[in-house]
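Engineer: Quick paste of what Swiss-Prot says about this protein:
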type    : residues                   : note
BINDING : CYS30, CYS33, CYS49, CYS52 : Zn(2+) binding site
DOMAIN  : 26-286                     : domain 'CoA carboxyltransferase N-terminal'
ZN_FING : 30-52                      : zinc finger
Amino acid sequence: MSWLEKIIPSISRTETKRSNKVPEGLWEKCVKCDAVLYKPELEKNLDVCPKCDHHMRIGARSRLNIFLDPQNRQELATDVEPVDRLKFKDIKKYKDRLSSAQKDTGEKDALIAMRGELKGMPVVAVAFEFAFHGGSMGYVVGERFTRAATVALNENIPLVCFSATGGARMQEALISLMQMAKTSAVIERLKMQGTPYVSVMTDPVYGGVSASLALLGDINVAEPGARAGFAGPSIIEQTIRQKLPKGFQRAEFLLEHGAIDMIIHRGEMRDKLASLLAKFTRRAAV
């Protein structure tokens, strides 16, 4: 074997090895159009597919970072943490599910609340973390929402909620159902005072959250293509034994049938909500 033949195979093996080393998380596939997207570019586009305009799910903290001005932020109710009061267990202990979700997301529970500014206007904003137990509402979510709404009430500044949830948290039973009444009550206090509450539904919004805080806004908004309803389409079809209309429970269907007030593209959310809230509060947006 010549010296050249000895070198060529090693070069070939090295090149093959290098070409297979693609960093994890660098690419993401759009679930709607199957386009393979470069993650850094996708993030610059606010996680909206540039090919088909599909709005992908984003984390609660990312959502608030996109929405609020970068300065003068204060996270609220960080002392409220989940407790397994019922010692619930199905195929897995609830406390183990909580630990796993906290490890995966880096969050204590499924809702983050912040006081901040939107184009210079003071606001309180809350966002659901769907990656944490499906964004389900238990004691912590209900309590954080209520405390955030109370801050908005006391300071008479708008409250904006970004929902992404499967509904009430099964593992907390009646405690989770109680949050529906608690959050609805504090929203009623906002309405009585005339403090604006804007509900923004992102994909998906179901169950006890849709039956309480998500559809009680002075303005109910949805992102394009977002699904919202009490029960999912498959459950409804099985119950009524009929085929549902195309696009049932999607934002466009809900707007057409008067269930929501408007659909706002993620890239326009800051500008349009700032304009709305400026009219509500008679404050000028910067």
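Even glycines carry a Cβ here, placed using N, Cα and C.
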Engineer: Which residue counts does DSSP yield for the zinc finger (30-52) in the helix, strand and coil classes, in that order?
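Structural biologist: Residue counts in helix, strand and coil order: 6 helix, 4 strand, 13 coil.
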Engineer: With a radius of 8 angstroms around the mean position of the C-beta atoms of CYS30, CYS33, CYS49, CYS52, what other residues of the same chain does the Zn(2+) site pick up?
Structural biologist: VAL31, LYS32, ASP34, ALA35, LEU37, PRO50, LYS51, ASP53, HIS54
Engineer: Measure from the Cβ of CYS49 (Zn(2+) binding site) and count the other Cβ atoms within 10 Å, all protein chains considered.
Structural biologist: 19
Engineer: Taking only same-chain residues 6+ apart in sequence, whose CB is under 8 Å from that of CYS33 (Zn(2+) binding site), what do you get?
Structural biologist: CYS49, LYS51, CYS52, HIS54
Engineer: Fewest other C-beta atoms within 10 angstroms of its own C-beta: which of the binding-site residues CYS30, CYS52 fits that?
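Structural biologist: Output over binding-site residues CYS30, CYS52: least Cβ neighbours within 10 Å is CYS52.
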